[in-house]
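What follows is one structure encoded as structure tokens, with my remarks underneath.
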Amino acid sequence: MAEETKNNQISKSREANWPAVLFFIHVHLLSGYGLWLLFYEVKWMTLIFLVVLTLIAVLGVTAGAHRLWAHRSYQASTGLRITLMIFQTLAGQGSIYDWVRHHRLHHAHFGTDGDPYDYNRGFLYSHVLTRLRRLSPYQSQLISEIDMSDLENDPVIMVQDKLYWVLYSIIFLLLPLNAPLEYWDDTILSSVFVIGFLRYGLVLHASWLVESGICVWGLKPGEKCPPDSNWVFVLSKSFWPHYHYLIPYDYKSGEYGSYDSGCTSAFIRVFAALGLATELKTVDTVTVQKALADSARSKLPVQTCLEEAVSKQILHKEHYLCRG
């Protein structure tokens, strides 16, 4: 009680991060110029390279930072972890350690003053404005309490965290910017503004949607099946954001409004079939039905009943080969 009172007395106001404001203004303006060049100057190989790099970087965020490290949706071999670390570095989103810590804070205090991406403040705030502000003293206190021991015991994560700016300079800047000049003789402008700024702008917004997506695909106030009174949506795994925030460790939950579809889920299944991804976590419909029935009978919270039901769930060894 005393600890709660102490936390309530800590300031919850957030100050503008002016270096971030100036940085993102320039990124978006220069990305716009890169988009113009895309239609009038760049070679086809540069366009293909842009698409490939963007997809790889997004996979680093979704399959790596989000599903593997933030939610432990599956286990990955050392080789796969290193690959995903490289992919995530290509996204330019900061170290995996910092990304996961902020995302776990988001889940732990979802929809409250402790959530830096609070969806109650609208899409613009959740998607953009929050990136232009520093954490409040209250949020800084909460983030210091987030358990990161699993990542601290992962050498791949800690090496990236300690050498992030070296890896960033090589993987995010040097190699991608050099390729169009070195291998298919494109211009410096195309390399810098398309492969540099436009790529970064695209990856930024794809990554930001991981936290702000509930404003796009979630239920709005007054719509049918509100998650606080009707759990039918869980049975069909629809209304993705609410299912994801209820059961965040389901590897099938997509970042962009889907369930059991999309590149990231397919990526994880392919590597599971190769034996490089193991212990894929999911919740079948029968288990959800049992949890809902137990909740209705016992009057316990659905979350509590789900956790108990999932602990007793038995999945087929190669369940990832079956859709649904």
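Placed from the backbone N, Cα and C atoms, the Cβ positions cover glycine too.
TrEMBL does not curate its annotations; it predicts them automatically.
Annotation comment: TrEMBL describes 44-206 as domain 'Fatty acid desaturase'.
If you look up TrEMBL, you'll see 20-39 (among others) marked as transmembrane segment. Same-chain residues lying 6 or more positions outside the transmembrane segment (20-39) and placing a CB less than 8 Å from one of its CB atoms are 47, 50, 131-132, 189-190, 193-194, 196-202, 204.
Sequence annotations record features per position, and here TrEMBL assigns transmembrane segment to 45-65 (among others).
The transmembrane segment annotation in TrEMBL covers 163-181 (among others).
Sequence-distant contacts of the transmembrane segment (187-210) (same chain, six or more residues past either end, CB-CB distance under 8 Å): 24, 27-28, 30-31, 33-35, 37-38, 41-43, 46-47, 49-50, 53-54, 57-58, 61-62, 66, 91-93, 103, 127-128, 131, 173, 176-181, 216, 255-256. Under the heading transmembrane segment, TrEMBL lists 187-210 (among others).
Taken as a whole, the domain 'Fatty acid desaturase' (44-206) shows an average pLDDT of 97 in this prediction.
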